[in-house]
Amino acid sequence: MATPQISRKALASLLLLVAAAAAVSTASADDVLALTESTFEKEVGQDRAALVEFYAPWCGHCKKLAPEYEKLGASFKKAKSVLIAKVDCDEHKSVCSKYGVSGYPTIQWFPKGSLEPKKYEGQRTAEALAEYVNSEAATNVKIAAVPSSVVVLTPETFDSVVLDETKDVLVEFYAPWCGHCKHLAPIYEKLASVYKQDEGVVIANLDADKHTALAEKYGVSGFPTLKFFPKGNKAGEDYDGGRELDDFVKFINEKCGTSRDSKGQLTSEAGIVESLAPLVKEFLGAANDKRKEALSKMEEDVAKLTGPAAKYGKIYVNSAKKIMEKGSEYTKKESERLQRMLEKSISPSKADEFVIKKNILSTFSS
């Protein structure tokens, strides 16, 4: 049977959509060029126009703008006629002073070949900024929707997700009109992204304005309300901590036994099973002819472990076996090999696997 043919025009359109979605789904600070005192005039006022955000790291409005500006940068990444850039005014005061910056964030438009800026006065959303840049630069770039890592709950899905005894679930009950909810939204999205590789952790939300009965069931009377539903307490407990990303990450790590930083990277504690430390010490201190006995003790203890610790325990045992087989140099050589792999372009799941193994190996070299 003949295969249906796709027209070149349709294929081209499809490829453009895929490219746009891919660009925005991987939006990051790297998509916005960070300018300094020495690079500003090398990049701005040259052969392309530039939109520049002058910001301060401590500024709340700047933090709120950051994810929108990063989406803008990702969308315009391949637009050769436009530069999306930023300047840290705490570090580069002279640049900000030169261009009359007195508050943060200040967004200025520099036409091609000009260092005479025009101040942007519009809304601080990726869509509004894109519309402005398109009108000034005669471009036609669209902001594609960014896939969310937050699980959106409904009355039909709430119980199956939140009451799942194999998951630790954080739920935000929000209202679309709520100002505090809007402020929290980009932070909550980043939190979900941090833990997207952890199958046992779910970051979710529920439109409590739309699903009032469910919100009332869980005692929600203000927005946003955050409740944590751990594996052992599906009645839920109030989250009363801070609402910055670092606060949430600290809470999840403590409650769920995870070990991630605010960028989603595993920390040096990931994979470490404290109860096995004495057995590792005994193994390393044993004479070669006694190591088999020390390994047997380790295997016995690992067999009693449950959950993620059971998986990590097997890596401890395999590491000990490799040391017996290849000698003490194995730890150093394998750690160096894993580090080389981590420096390559690998999937997040592979990176997690290698970091955990490297962390566990480090316990055999101390």
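Each Cβ is built from the backbone N, Cα and C atoms, and glycine gets one as well.
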(request) Disulfide-wise, see what Swiss-Prot says Cys178 is paired with, picking from Cys181, Cys256. (result) Cys181
(message) From the disulfide entries in Swiss-Prot, identify which of Cys59, Cys89 pairs with Cys62.
(response) Cys59
(request) Look up Arg124 (site 'Lowers pKa of C-terminal Cys of first active site') in the DSSP assignment and report helix, strand or coil. (result) coil
(message) For the C-alpha pair, I'd like the distance in angstrom between Gly60 (site 'Contributes to redox potential value') and Arg243 (site 'Lowers pKa of C-terminal Cys of second active site'), rounded off.
(response) 12
(message) Out of Cys178, Cys181, which of these disulfide-bonded residues shows the lowest number of other CB atoms within 10 Å of its CB?
(response) Cys178
(request) With an 8 Å cut-off on Cβ-Cβ distance and a minimum sequence separation of at least 6, pull the same-chain contacts of Arg243 (site 'Lowers pKa of C-terminal Cys of second active site'), or say none. (result) Leu184, Ile187
(request) Over the span of the domain 'Thioredoxin 2' (139-257), count residues by DSSP class, listing helix, strand and coil in order. (result) 39 helix, 24 strand, 56 coil
(request) Pull out the recorded positions from the set Cys178, Gly179, His180, Cys181 whose C-alpha sits within 10 Å of the C-alpha of Cys62 (disulfide bond). (result) none
(request) Look at the disulfide-bonded residues Cys59, Cys62 and tell me which residue has the greatest number of other C-beta atoms within 10 angstroms of its C-beta. (result) Cys62
